[in-house]
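**Student:** The following feature annotations were taken from TrEMBL:
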- 11-227: domain 'Glucosamine/galactosamine-6-phosphate isomerase' (DOMAIN)
- ASP67: active site, proton acceptor (ACT_SITE)
- ASN136: active site, for ring-opening step (ACT_SITE)
- HIS138: active site, proton acceptor (ACT_SITE)
- GLU143: active site, for ring-opening step (ACT_SITE)
Amino acid sequence: MRIIIVENYEEMSKKAAAMMASQIILKPESVLGLATGDTPLGMYKELIRMYNENMIDFSKVKTFNLDEYYGLGKDSNQSYNYYMTNNLFKHINIDKENINIPNGMVKNIEEECISYEKRIKEAGGIDIQVLGIGVNGHIGFNEPDVNFEAETHLVNLDEKTIESNSRFFKCIEEVPTKAISMGIKTIMHSKKIVLLANGASKADAIAKTVNGKISPEVPASILQLHQDVAIIVDKEAASKL
Ligand code: GLP
């Protein structure tokens with residue numbers, strides 16, 4: 001693991017965007033694994049800026065998002081599909097055909113999960129996966145007591161996650177209790193991983209991820225076994241390292 005401690009959110013976002021941009025410049029047909037949440041918003045803004053300044057071209061890029069709430073469609077403004085469209089995709093020249101996000105509205109979840117894995121494999125695997133981290137150490141929506149062997153699957157959200165994500169909804173009752181998420185196995189098969197975290201609320205999760213025992217109780221701790229992970233954290237998130 002390479003730990004990169006930066007001054008603040010802006011620096012974290014710029015460093016992460018620079019890594020993504022160099023991946024796209026080196027390999028224009030890169031397969032990007034993308035994340036949602038507040039953490040990567042600054043990175044997306046920076047990537048849009050680089051695109052507007054003709055520094056990067058997304059026309060051949062393929063993307064796979066980590067997760068989606070079960071039961072929320074792309075028109076719901078809380079869905080991750082809506083988030084991705086508004087915070088990145090509508091601002092860049094990505095081909096819609098190359099965008100992949102789990103479909104939270106399908107009847108046959110199992111089929112959707114199998115097809116998602118198949119699409120990732122057919123694309124040649126994920127070249128670089130961006131991750132945020134939950135306060136309980138989750139990555140994607142792989143909650144504590146995770147099965148490290150799982151691929152894309154339906155998950156039950158942890159109480160802490162529901163509480164923490166309720167800030168995006170009108171009330172806690174509106175937060176879906178399930179989601180479709182890439183599994184740990186899917187994430188671990190990415191060629192490179194960049195995990196971003198900022199703020200004091202993430203300090204515990206980061207300390208356990210980096211220095212703790214590798215355990216299903218802290219899903220992100222498995223990243224210690226990945227051969228190419230960069231963790232970019234601001235001073236506050238690094239305060240317990
Ligand atoms: C959600 C997402 C994760 C994300 C996490 C942290 O639960 N499924 O992918 O990393 O929240 O979110 P934030 O970046 O808003 O702190």
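Residue numbers in this text run from 1 along the chain shown.
In case you wondered, yes, glycine gets a Cβ from its N, Cα and C as well.
Bear in mind that the values here come from a model prediction, so they are computed numbers and not experimental data.
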**Student:** For GLU143 (active site, for ring-opening step), which residues in the same chain are close in space, meaning a Cβ under 8 Å from its Cβ, but six or more apart along the sequence?
**Tutor:** GLY134, ASN136, VAL155, ASN156, LEU157, ASP158, THR161, PRO219
**Student:** Sequence gap of 6 or more, Cβ distance under 8 Å: name the residues on the same chain that satisfy this around ASP67 (active site, proton acceptor), in order along the sequence.
**Tutor:** THR36, TYR80, PRO102, GLY140, PHE141, ALA179, ILE180, SER181, MET182
**Student:** Might you list, by sequence position, any residue in that chain lying six or more from HIS138 (active site, proton acceptor) with a Cβ less than 8 Å away from its Cβ?
**Tutor:** PRO144, VAL146, ASP158, THR161, PRO219, ALA220
